[in-house]
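Straight from Swiss-Prot, the features:
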| type | residues | note |
| --- | --- | --- |
| DISULFID | 83-133 | disulfide bond |
| DISULFID | 90-136 | disulfide bond |
| CARBOHYD | 104 | N-linked glycosylation site |
| CARBOHYD | 127 | N-linked glycosylation site |
| SIGNAL | 1-29 | signal peptide |
């Protein structure tokens, strides 16, 4: 089971930097910069890949169907675009309930993966203050199937704005 999605950073900047240093400085000065640039280019970078979140939600949906869990979860079914970060945080909190109710290791790992990916994507929106949004406890309680459908809908909102 995958936990993070590593991506390589663009190496073009490092190559241009090395060429610049090679043409203007001594070779000895360029070698450490070149080595560090190569290391930096190969380091994994975690980015929210919202398509992977949707795939993981589908995995949970398939497993849930075979387990027959009757939990109801706070679900935002009509997310306003100005409240999508708040709604996403509520969905992520409710995912823990699915993990606890199912007592299934695959679901637990998939939930953890979704949380890591989504929080990575939300990191640029952490300081955004959304006003007029419902608190998690004010949302309507719905079954897991409807919860997952609404979750996919909000993830698609993030895909459409990225």
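First residue shown is number 1, and so on along the chain.
Positions of Cβ are set from backbone N, Cα and C atoms, glycine also.
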Check each residue in the chain of residue 104 (N-linked glycosylation site) that is at least six apart in sequence and keep those whose C-beta is under 8 Å from its C-beta; list them in sequence order.
63, 67
Distant-in-sequence Cβ neighbours of residue 90 (disulfide bond), under 8 Å, six or more positions away:
74, 76, 136, 139
Within 10 angstroms of the C-beta of residue 136 (disulfide bond), what count of other C-beta atoms is obtained when all protein chains are considered?
18
Using a 10 Å radius around its CB, how many other CB atoms surround residue 83 (disulfide bond)?
18
Under 8 Å by Cβ from residue 133 (disulfide bond), counting only residues of that chain that are 6 or more apart:
80, 82, 83, 86, 87
According to DSSP, which kind of secondary structure is residue 83 (disulfide bond) found in, if we only use helix, strand and coil?
helix
According to DSSP, does residue 133 (disulfide bond) sit in a helix, a strand, or coil?
coil
